[in-house]
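According to TrEMBL, the protein carries these features:
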ACT_SITE  Lys12  active site
ACT_SITE  Asp137  active site
BINDING   Pro95, Ser96, Gln97, Ala98, Gly99, Leu100, Gly101, Gly102, Gly103, Ser104, Gly105  ATP binding site
DOMAIN    67-145  domain 'GHMP kinase N-terminal'
DOMAIN    201-273  domain 'GHMP kinase C-terminal'
Amino acid sequence: MDKTLRLRAYAKINLALDIVGRREDGYHLMDMVMQSVSLFDEVAVERTGGSIVLAGDETAMPLDGRNIAHRAAAAFFAATGQPVGCRIEIEKHVPSQAGLGGGSGDGAAVLVALDTLCGTHLGTEELRRIGAGVGADIPFMVGGGTARVGGIGEQIEPLPAMPACYILIAKPQVDVPTGSAFAAFDAARDPQRPDTGRCAAAVRRGSYQQLCRSLGNAMAGDWLPPIIEETRRRLLYLGADAACMTGSGAAVFGLFERRGLAQLALRQLCDAGVRSWLCRPVAQGVEPAAGGR
């Protein structure tokens, strides 16, 4: 069996995100519609012996247990009893502190890779169970595609593919730590709440127009840096049919039916110095990279 596997770890967006409660242990209960998109990190995992070694091309990326990919590997070995040992190399393209699930996608890719390399054949549901103890987005990212996600991320209801469109993601020059975003939401008196059920119904019906009318994020409030809302409005000005913040921020995305209009908006954002990516919906969270073996 080959000892190295190279995978694409796709980013995600939240078409709808609501916070519906809080457990006694402090974890927030979520109701979300999540979608994998074609922006990805490349994760190479080699089976070795003795320890978990992490390498990457981003200087700010921690290379120890603070990194979710490292913790995912440790959780896999603890759950399976397999001898500890792997080298993980991450080529980053998904920005951090953006609400795009970049770290969770890397963790999901590590679980999928180790399941293959170790010959454990655990399958999606068991990998999701292991991943749930590492990061809330990992259970979704293991399978990806389109899904309604509840609980603390472990309740996953697959949905049909979202209507075909172009997704323009923009990341303003600001970071939003997840913990700070949740604390701000908890302190808010009257946050705007999306209708997640309506969003899921629009996806099931395959209605692009209804989907555009049902985007929403309860964490997108006036407590956030103003540039996030300014960037969302800018996407609408540039022709997006709808625009919304993803996750706890700071990235926002716009939906476009017309490729040409989306490409023009991308050029204008990039010319203005805004980090931006034009994506399509994808049907999986992790898949082999080109020349992945």
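Backbone N, Cα and C define each Cβ position, glycine as well.
Note that TrEMBL annotation is computational and uncurated.
Here the features listed in TrEMBL are painted onto the structure.
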residue	record	Cβ contacts under 8 Å, 6 or more apart
Lys12	active site	Met34, Gln35, Ser36, Val37, Leu100, Gly101, Ser104, Gly105, Asp137, Phe140, Met141, Gly144, Thr246, Gly285
Pro95	ATP binding site	Gly102, Lys171, Ala251, Arg275
Gln97	ATP binding site	Asp175, Val176, Pro177, Thr178, Ala250
Gly99	ATP binding site	Ile13, Asn14, Val176, Met245, Thr246, Gly247, Ser248, Gly249, Ala250, Ala251
Gly103	ATP binding site	Asn67, Ile68, Ala69, Ser96, Gly135
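Gly101 (ATP binding site) has a Cβ environment of 30 other Cβ atoms inside 10 Å. Around Gly105 (ATP binding site), a 10 Å sphere centred on its CB holds 33 further CB atoms from the protein chains shown.
In this structure, Lys12 (active site) is part of a beta strand by DSSP. A coil conformation is recorded for Gly101 (ATP binding site) in the three-state DSSP classification, outside any helix or strand. Listed in chain order, the extra residues whose Cβ falls within 8 Å of the Cβ center of the ATP site residues Pro95, Ser96, Gln97, Ala98, Gly99, Leu100, Gly101, Gly102, Gly103, Ser104, Gly105 are Ala11, Val94, Gly247. All protein chains considered, the CB of Asp137 (active site) has 29 other CB atoms within 10 Å.
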